[in-house]
Amino acid sequence: MQPLDSLTFPLQGASLIEASAGTGKTYTIVNLYLRQLLGHNCTALNVDQILVVTFTNAATAELKERIRQRLQSAYLDFYRGSSDEAFIQDLYAQTENKALATQRLALASKQMDEAAIFTIHGFCQRALTEHAFESGAMYEQEFILDESEWLKLAVADYWRSVIVTQPADIQAMLLGIWSNPEQLRQAIQPLLNRKVTSYHNIDIASAVNLHQRYITEVASMKRWWLDEQLAQQIQQAGFSGSSKVGKADNLTTMQAFCHSHALKPDLSDGWSLYAPANIEKGKKKGTVIPDVDFGRFERIAELEQKALNGIKAAFSQDAMTQVAHNLSSQKSRLQLLSPDDLLSQLGNALTANNDSPQTHSSGNRLLASALRERYPSVLIDEFQDTDPLQYRIFSAIYGQDLGAVNLGSVNLNIENQPTDSPTHKPPCWIMIGDPKQAIYGFRGADIFTYIMAKQQVDPAQQFTLDTNWRSTPQLVAAVNTLFINNQQTAEQQQSLSFHPVKAGKDEEGLKLKGKLSHSLDFWHLGSVEDKPIAKGLAQQALAQICAAKIQTLLHAQSTVAGRVLQAGDCCVLVRDRNEAQLLKNALGEQGVASVFLVRKSVFASQTALDCYRLMCALSHPGDDRQVKTALLTELFAMQASELDALFNNDKDWQDIIALFHQWHQDWQKHGLMMALNKVIIHFRLEQKAIKVFADGLRRVTDLRHVLELLQQRSLQVQGQGQLMHWFSQCLQEPDHSSDNQQLRLETDANLVQICTLHASKGLQYPLVFMPFGNSYRSARDAVFHGDSGALQVDFLGSEKFMAEAEQERLAEDIRLLYVALTRAQYYCAVGVWHNISDDKRRQSAFLSSALGALLLPAGIKVSEQQIGEQIIKLGEQANIAYSYFDGPAVEEITTLPVESNLHAVKDAANLVALHLDKPIERQWRLTSYSALSQQQMHLEVIMPGMDEGQDRPSQDYDDSVLPDNSMSAFSFEKGANAGSFLHGVLENIDFSQADSLAPAIAQQSSKFAIDEQWHALLNDWLRDVLLTPFNPHSDGSSKLTAQAPILTLAHLDKQQIKVEMEFYMPLKRVQVQAFNQLINHYMPHYVRHYEFAQLNGMLKGFIDLTFAFNGKYYVADYKSNHLGNDYADYQLASLERAMHEHDYHLQAILYTLALHRWLKHQLPNYQYQQHVGGAYYLFLRGMHSTEAASGVYHYLADEAFILALDSLFSGEQIAELSTTPSATKNSDSANNNDEEGQLSLW
């Protein structure tokens, strides 16, 4: 490959640029962008014509900003006529029309918001949107970033339809592989993400037949054992006493097995216990081995394994195929698009029927031509992270001069695509990347696609950036030396040979007490007996070595690049959060503060879980168990002795319970934040966290972050129930991609950074530490690239393909090691130990690690001496240091004197915020029906449907009446979720159009996770609800009369109803005594004694349905309460009992008063008896079109009652009440047929 010159680089046709780490890739992209913008040796293009594609939103934003800044500086240089930068000066000198070029730069810098700089998914979305007709894209599709929920539903569908329908023996085998749908999802999701196909084509029927063969052989085996009386023969043979073969217990177990229906003996070695090898091993002198075919045990063991493997492979393959199909069908039905769907749609639109040029669609050509015309130039950044589909898309658009491109299963006959004109010039397609940094295979990135693309590009169009501008010459030379050390590296990296790079800067590196340090430092942790060391022990020791080294550097007058070394100059690279925690703890013990930089949701933290347990205690302060659970969490950091004393002192415990009751009320009155802040202050939770835990500041930051998110969510939902449900969902499924959930830096202070290897790509740090240099994870699945280049999986896990998968894993690990080492600018330290395999063999695994593969040749017997000698040998060729540590040396290092800011940290832990002694008076309050009903004021307003969550079933029905597995309104899900679902359906349909039910049910089902199998039942049930007749009667029943017009929900059109009417009702100095007197006077059969302080403020509520009918106005409330399993359980007596138990009469009175006040201001001649029809309570489970009196409860409050309550709420004194209330008027006697007038109110 030839070195790249930004001024002479050809800007037409397909080109490939390999940019090693630190060689100025982004700088080069911007230079080429400027040339195309100015038309330097190419056609001048505008910012919206130069397509720049990268792979992350962050990279897109950074690239756009870099180009914007460069345009502005280039404009100033062109305006001045000179530049300090060689490239700009040369570009200026070679520009003919300098005035026009200056104008173009000025205009381009102003138009950068229109620049075509996208992620790959952003480009696909733009292409599909702008060319919907040519691409065949559907309109009005909803874009979703995360399809994990839909994947779970697809897996659950497969589990229900396939796994649980298998025969018991097959199902038992499958449950041994995946115990639940979640395990199945975890097994196949990585394969789906990587677009893997199955190597074998094993159908379920064949696998089941093989299993049947095994069952038949087991039956034959049992008969043979019993017929031959093998138990007696083996017992009489006199096998060795130490042998398992002759043990009586094993023989008894085998004998019992042969008389059972089991398919495998419950023996430690299974069938193999009586295999010929064990029989031979167990005999002793004089043993007469029974003359039988013990080889049958070996054969049946092999058959069992084959049957098990076949079942696993067949169902894995079927699950992967069917789940992908189910997921695609769900998204298609609901018109949802995920990021991967954008790629698939554009890829299909561009390359459909490309296998045959004769059937090549004119639509393909039109779309490709349109995109080529729209974007005559494309620069693809991070091209090593592409995959076959992405390459297929750009090949179809820009690859006319590449010829046939074979991508495994797809053959792009690009050479057969017509050019745009007789004087065609190939469009500019620049692929920029570094194959040595291809580390995202788990995300679907495919290094083999890069290799194939490189083979397609003309060698004359292949360039390299060969100068490292990031690292010092000594460090560049050290990395070069390590990677050219072993010739097997090229083979292990899939034919990607390593080319040494030059160093572009000569800065002073790391100095310790004025002495220049080595650039690459190896710490070798050796073992005393020259045996491999277990991973856990080695990592613990190396973490301590690393922490001690950093502590020494920070407190030993170290300098880097001529300035004093800061903690923020140091970065420790790890594989995962477990390794990160090891380092964080070790650094904390040395008094060195650190921060772990990782994309992780705060809801995945222990602090979030502890906070949830605290909120559970605040929600149920009367539940001792909930409160104790909260106090036992790390959030409270209480000692065992503290807790024991508290739990065993009744007075102290009651004081705590009283506090939790008070904080519970604070939550209701003033919001969650105030309640939690009071808890934090009382228990000094933040001070304790900093004092007790090494990562105390991290915990405090997480706590404040969680509280902030909870506070934001509390403003969007109604009531504790919805907030707790949301919190619970966040804990179960934290969204690691959500920006507002991302863990925050615990401080802006200068801290040692801890970062994962993958997250470090693209970043740079003055000092890099990689303490676990030869840590690795073996390949879990046999995923490999077949002969065609396609990614495949062998579900049988054969040794051959597992070895291929392991080889590909090792190759990517070598690339990951390259990324890690090239993050450093001045100094890099790497820990190494003779690691042990994590399988049962417990053998040396050093050569299986990337570092081991680079240091030593394959097949060699590894020893501590060889590891050390090889590193020392490298040190003779480059600026590489070697340090050996054994057990005692580790102890010495971890006891280095620490000069740190520990005292400052301890002092900070004793800081206490000042307390506000003067109470804040808050007389004005917001309350609700729910608050009053629970005899506590200022509770959150409960949204419709949520109040069913605490329903108690009546005591006079029997669940056994309902057959098992029956589907009816009575067996439908109970609780708040069901109530919210039913409310959601009824609030989003047109009552007069029953066909609107099906889409509303589907929509709400996805929101509330209602299984699709219920849809048909729900549709029929709710149709019946709409057709159920009900009319008001003063006796509280719903019996029909011949004179009364029939009322059903289906009779109400949109002009007659108002859904979810929200109201705020003023309350002025309402005293509880007067309120109780009034309620009990007019409702003597339902005595209530409400307890609250003076009400002054607003009463807020939501009325499910307000409607006008036959001259009157009504309020209605939907109830999903389960009162029984028969319509007889929903007659008047049962409804009266439910109304009483849940205090729904109070709700009806308050909603009727709200309606009364509203109508007073809307109707000029308003009269309560003439215009108010009362309140309907619709118990949905009991409503049926042929059961007129079932499930419908009507209540009309007496006019005097409503007027008196209106006066009381208005702050007026009410007159003394008589001992008996006035009789309720028959509301049916008045009738106003002014339908036009009443409908105009809506």
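Quick reminder: no glycine exception, Cβ is built from N, Cα and C everywhere.
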| remark: Among Asp995, Asp1117, Asp1126, the candidate listed by TrEMBL alongside His983, Asp1104 for Mg(2+) is Asp1117
| request: Could you check the binding-site residues Ala19, Ala21 and say which one's CB has the most other CB atoms within 10 Å? | output: Ala19
| task | With an 8 Å cut-off on Cβ-Cβ distance and a minimum sequence separation of at least 6, pull the same-chain contacts of Thr26 (ATP binding site), or say none. | result | Glu62, Leu63, Arg66, Asp381
| said: On the 0 to 100 pLDDT scale, where does the region 'Nuclease activity, interacts with RecD and RecA' (923-1242) sit on average? | reply: 78
| query | What are the non-local neighbours of Gly22 (ATP binding site), defined as same-chain residues 6+ apart in sequence with CB under 8 A from its CB? | reply | Asn468, Trp469, Arg470, Ser471, Gln764, Thr822
| remark: Three-class DSSP assignment, Lys25 (ATP binding site), comes back as helix
| message | With an 8 Å cut-off on Cβ distance to the Ala19, Ser20, Ala21, Gly22, Thr23, Gly24, Lys25, Thr26 Cβ center, who else from the chain surrounds the ATP site? | response | Thr28, Asp434, Leu465, Asn468, Trp469, Arg470
| note | Using a 10 Å radius on the Cβ of Ser20 (ATP binding site), the other Cβ atoms enclosed count 25
| said: Around the C-beta of Gly24 (ATP binding site), how many further C-beta atoms are within 10 angstroms, looking at every protein chain? | reply: 19
| For Lys25 (ATP binding site), what is the tally of other C-beta atoms lying within 10 angstroms of its C-beta? | 20
| query | Within the chain of Thr23 (ATP binding site), which residues six or more apart in sequence place their C-beta under 8 angstroms from its C-beta? | reply | Leu465, Asp466, Thr467, Asn468, Trp469, Val501
